[in-house]
Each structure stands twice: as C-alpha cells, then as structure tokens.
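Remarks on the structure that follows.
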Ligand SMILES: Nc1nc2c(c(=O)[nH]1)N[C@@H](CN(C=O)c1ccc(C(=O)N[C@@H](CCC(=O)O)C(=O)O)cc1)CN2
C-alpha cells in the first residue's frame, strides 16, 4: 500500500483564500501584530511569512522587532501597548523567546480576545472546558487536515506523540472533542511502538528527526507529522519530519509530507484566528466560511 499524501500547501491556500474574502466583509480591516525578539534565523523567516501572508489576506500586519538583549519589562511594555491598541485584533509573540525572558508572563499580558495563537491560560482553559475561544494554530491546522480525509472521528483511536503546550496537549483535546479515543504518548512511554501501532490516527510532535518508523504504524492509519527538523545527510541540508517518511508511506493510508504538510496550515490558521478575533471585537458575526 502506498499512502495518499495530505497536501497541506493546497489546504492552506484554500483556507487563506477564504480568510481573505471573509476579511473584506468586516466593517474594518483586521489587524495582526507580531512581536519578534532576537535574531533566531528560523523565527525571522516565519515572521516574514506571517507578515506577507497577512497582507495578501486583507489583514493589516505589523511586526515589532526587538533586540535579543531586550528586558522582560521592555517586551511586556510592547505587548501591553498592543493590547491597548483598538486597531490590533490579534497579538502573537513569536516563540522561542531568547533565554532569560519569561514566556509565561509575557503571554499572560495578551488579552484572551486578542490571543490569536491560542497559547494563553484563558485560551487553554476555554479549550479544556469546551467554551468559545481561539485555538492554537498548529493543532488547529492538523485537525483540519485530519478532517479533510476522515470527517467522522467517533470511535477512532488517536495517539498523539508529544505533550507540548504548543501542539501535543491542545491537539489531544481537539481530537477528544471530535469524539476520538485519545492517548498521549511521550518520552517516558513504555513500548512506544506498540502504543503507536494501535492508532487509527497517529500525530507526531516530538521534534526528533524520523523517530517514528514504518513498524510503528498501523496499516491504513492517518499519519500527521508535525515535526520540522533540519538535518545534514550525505553532505546536503534537508528538512525532515518526526516520521521516517519513505517507510511510513508504504504502510499508512494517508500521510502529511514535510515540508508541505502541517507547516503551511500554521500560518493559514493564524490568519483565520485573526479574522475571527476581529469579527468578535467588531461585534459582527464570524463569517460562516471560517467556522
Ligand atoms: N508564537 C508561535 N511561535 C511558534 C509557532 C506558533 O504557532 N506560534 N510555531 C512554530 C513556527 N511557525 C510559526 O510560527 C511555523 C513553522 C513552520 C511553518 C512552515 O510553513 N513550514 C514549512 C517549511 C518551512 C521551512 O523551510 O522551514 C513546511 O512545513 O512546509 C510555518 C510556521 C514555532 N514557533
């Protein structure tokens, strides 16, 4: 069996188009502010992509670039200023922050209604309680890709490998909300292969290149690879996921590639969250295409 590829680039392009159309229906253009502290090369690229994608989706994007030597108070003061700005509907602090800064305290300064990254305590609480809120972008994008190939998750066994705040924990909650039976596996899980082989839907977000191999996958499973790892092989630099793709593709039913799988959905879902946040802040209904 050769798995069908789940095309995250195409799904992201389609969501971004819907977001751009929806943004035009609001009384005022939505505003997204990104805070970037330091000069981490990957973060610079991601933030640049976010700014460009926002413009194309009729969102007013702005980036506050701050030196890596910025103090906790300086970053907090920028976030508080954006929180008070009525034209800013969404605030995102690019992660990781430079060492020495307290990310929890900085994220706490983002009001829940502007938390388009879905990473603050009120947003996480809303997800746990099943209340209205904004959900984190990478897990939201993963769910959209899963739903594109399997609309009914009732009774399906889902295994999430990884328990980060950014992906593993929220993704497990979203799968649970969709009525899957969910297991969270992690570095201390015994016989990880056996746990993974139970999964109808296997989501891997551990940040370890090609850790999940073909023998850990149930034939026909949906495999969602959230990892983005830069490695060097045979003298060339390569981007690989947390799943050993060539082998996994021979066993799985559907699989996301890296690059071109979950990654592009992260930015598309950020834009979606920004328009949703803006509609709520402007007191108009959230455009149906984004629900
Ligand atoms: N505040 C946040 N920080 C970070 C998040 C986040 O959701 N919120 N996620 C990641 C980085 N990220 C967005 O910020 C991101 C990662 C990857 C991609 C993407 O499109 N990846 C491409 C490959 C691109 C490449 O060559 O590197 C792909 O997978 O096809 C977009 C956004 C950490 N920080």
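Cβ atoms here come from the backbone N, Cα and C positions, even for glycine.
Record features, source TrEMBL:
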DOMAIN    6-117  domain 'Tetrahydrofolate dehydrogenase/cyclohydrolase catalytic'
DOMAIN    136-280  domain 'Tetrahydrofolate dehydrogenase/cyclohydrolase NAD(P)-binding'
BINDING   162, 163, 164, 228  NADP(+) binding site
Where the criterion is a Cβ under 6 Å from an atom of ligand 1, which of the binding-site residues 162, 163, 164, 228 meet it? 228
When each of the binding-site residues 162, 228 is scored by other CB atoms within 10 A, the minimum falls on 228
Between any two of 162, 163, 164, 228, the residues recorded as binding NADP(+), what is the biggest Cα to Cα distance in Å? 16
Please count the residues of the domain 'Tetrahydrofolate dehydrogenase/cyclohydrolase catalytic' (6-117) that DSSP assigns to helix (H, G, I), strand (E, B) and coil. 55 helix, 18 strand, 39 coil
Residue 163 (NADP(+) binding site) has how many other Cβ neighbours within 10 Å of its own Cβ? 18
Looking at Cβ-Cβ distances, which residues of the chain lie under 8 angstroms from residue 164 (NADP(+) binding site) while being 6 or more apart from it? 205
